[in-house]
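Notes for the one structure printed next.
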Amino acid sequence: MANDLQMSPQLEQIDGEVQDNFRALANGFQKLGKVKDPNRQSKQLEDLTGKMRECKRLIKDFDREVKDEESRNPPEVNKQLNDRKQSLIKELNSYVGLRKTFMSTLGNKRVELFDMGAGGSDPVAEDNVLMASEMSNQELIDAGKKRMDETDQAIERSKQVVEQTIEVGAQTAGTLKDQTEQMGRIVNELDTIHFSIKKASQLVKEIGRQVATDKCIMMFLFLVVCGVIAIIIVKVVNPNNKNIRDIPGLAPPAPASRRLLSLSTMGPLY
């Protein structure tokens, strides 16, 4: 596959060095299976671990070169180069598996933290790669305690965030409740105002009808009084007019001769 790829000289050199290390690893593991002495097996495993470390470094260099040349290469070439990188990682992981098998056979109980992270965005990141075989038991214990402390701190921070979130939620709920109650009071006041306006409107209409009725009655009485006064005036001015009836309860005016006679019979007043 590597022969079909369009690689730059740097990539070809890195790929060639990785292949040389892979061949050395394959030969080394074949010879390791024939070694019976546990001490020699441990020594050869350390040498093979060093070669795997070198392969990891070369694959990182290969990945950096691919990313640097990504803008200059067509998409098909970039895809082929990424596939090549993944194949190198997969092959290296197979040797890591062989190493774990031999470590188990030798009865090594130390924790294996070697992780190539295949399939991730940065499968050869150093933060996730650690060889426990190079660490003493005390270092492993210290590293474990440190990781546990960091985990506890992260949990405490998460608890604080959750408590703060709950507190903010409670405050928000209280504020919303107060606002809802205030809106309810405002709605009740608006209903009261609307009812008062309605009652006032009805009262104004009722007063208007009463005023109009009173005005009509007063106008009618005024007309009646004016009519009576007019009739009295006409009777006084022209008592012989028979076309105007006498007002009931009002005596007709006396003739002028009778008025004079009554005045003569009374005599002088002094």
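Using N, Cα and C of the backbone, Cβ positions are placed for all residues, glycine too.
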Annotated stretch (coiled coil, per TrEMBL) among the listed ranges 45-72, 101-128, 241-268: 45-72
Helix, strand and coil counts within the domain 'T-SNARE coiled-coil homology' (145-207) (DSSP): 63 helix, 0 strand, 0 coil
